[in-house]
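What Swiss-Prot records for this protein:
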| type | residues | note |
| --- | --- | --- |
| MOD_RES | Y168 | phosphotyrosine |
| BINDING | 184-186, 210-213, 264-266, 366-370, E417 | NAD(+) binding site |
| SITE | N187 | site 'Transition state stabilizer' |
| ACT_SITE | C320 | active site, nucleophile |
Amino acid sequence: MTSSEIAMPGEVKADPAALMASLQLLPSPTPNLEIKYTKIFINNEWQNSESGRVFPVCNPATGEQVCEVQEADKVDIDKAVQAARLAFSLGSVWRRMDASERGRLLDKLADLVERDRATLATMESLNGGKPFLQAFYIDLQGVIKTLRYYAGWADKIHGMTIPVDGDYFTFTRHEPIGVCGQIIPWNFPLLMFTWKIAPALCCGNTVVIKPAEQTPLSALYMGALIKEAGFPPGVVNILPGYGPTAGAAIASHIGIDKIAFTGSTEVGKLIQEAAGRSNLKRVTLELGGKSPNIIFADADLDYAVEQAHQGVFFNQGQCCTAGSRIFVEESIYEEFVKRSVERAKRRIVGSPFDPTTEQGPQIDKKQYNKILELIQSGVAEGAKLECGGKGLGRKGFFIEPTVFSNVTDDMRIAKEEIFGPVQEILRFKTMDEVIERANNSDFGLVAAVFTNDINKALMVSSAMQAGTVWINCYNALNAQSPFGGFKMSGNGREMGEFGLREYSEVKTVTVKIPQKNS
């Protein structure tokens, strides 16, 4: 399911009475949610940090503290790595486990997530500000599908025999890398947790994972489910903490064999440097984006407007895939802007627990201030502010859906990743022009093109310098397809069969035999 597909019949959306009736059938948040898990998870045990320090976890819809969580630092990372290395040692329960049993454990974990789906969605809303229904239908559905997808792969990873010259028998093995350090962001806490651990565990690795300090609660809850599912101690270790301490310790740890990170390009560079300075651990990076969304005049205009709207504003604009550079062909530019503004003005901003809410708060005050500063830069540099542009006068970190027109390529809002509910609409005249401009970016995560001409669509898709290109759709992500960036949007791929390659080593084994026969 994509960001624009919280399925509800059209007649229900159009009829207020039918809408209210349908809301009675929708899933509900867990009332009076109890936060049970606030400690570090090592060796299937809940532990206090060695330092005894804790840090606050807040609700971005109110700005109020929800709880305190134990703060891991280097000493705790050392303990977790030791546990993970022991779990990965030759002869351990995990190393001797049948691949099919690893798959069964992942499937069991998916069952437990399905059982606790409403609780986990409530946690994502409380801690991350996501509208509950979006968390339930999009994030949690993605989590369950990812776990089941990799559960099915576990006993299907295999090598091959190779017909080499001479009297030799040669075959390959796909072996787990070892201990994998993983650092995940705050915009999709539970989904990114699953994107990281599922392929790693499928291949037989062990994991030390650090959730973002803003949103550790759902990852910690998953620790309880991982233990309940039956994963052996030390296979998954979850350590909440800060990037400069816990994150840096993971990136530079000599006992970690591979690191995977999702976050900013700036931090990604630091992680790659630390990996190189330590033990040349393997690195997968999924970093920032400033993605082009190209709308040709022959596209279905209403559909393109809605897809472009969802492509920017989904998840409060806090998406690395956000289609924030919308290039619109000149002949339909004014009409596209008009309809986009009308749609943005209809967007409902409110409590994440209100079922009619489309947009919740930004994650924290720092991000809120950054977005407003970039909006002001757009005004100062001459873009036309069509609507929005301000924070909403209420508790929490809410920002109005904002649309800019008359944006040029040299403006900060057209070059920098805003990570907020800000839509920039640029105009173009020719295909060659828009291809060149769309590719004129340090980033290359995703791109999209809307047109009814398949030849035009395929020509643009092949020209885009991006890891994913969507044609007549946006944010159509799934567990089966590889995802990753070109240029400064990262390296390596997550998801799909390609994601398994990032968590395994290929070993060649050659045996001398008396005589080879074909």
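Using N, Cα and C of the backbone, Cβ positions are placed for all residues, glycine too.
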Cα proximity to K366 (NAD(+) binding site), best match among recorded positions Y168, N187, C320: N187
Pairwise Cα distance for W186 (NAD(+) binding site)/the residue listed as 'phosphotyrosine' [Å, integer]: 52
Which of N187, T265, the listed recorded positions, has fewest other Cβ atoms within 10 Å: T265
Per-residue Cβ crowding (10 Å cut-off), top of recorded positions Y168, W186, C320, K366, Y368: C320
Distance [Cα-Cα, Å, rounded] between Y168 (phosphotyrosine) and I184 (NAD(+) binding site): 45
Three-class DSSP secondary structure - E213 (NAD(+) binding site): coil
Length of the line joining the Cα atoms of P211 (NAD(+) binding site) and N187 (site 'Transition state stabilizer'), in Å: 11
Which of I184, P211, K370, the listed binding-site residues, has fewest other Cβ atoms within 10 Å: K370
Count of other CB atoms lying within 10 Å of the CB belonging to E213 (NAD(+) binding site): 20
Distance check against N187 (site 'Transition state stabilizer') for the recorded positions E213, T265, C320, Y368, K370, keeping those with Cα within 10 Å: C320
Spatially closest candidate among E213, T265, Y368, the listed binding-site residues, to the residue listed as 'active site, nucleophile' (Cα to Cα): T265
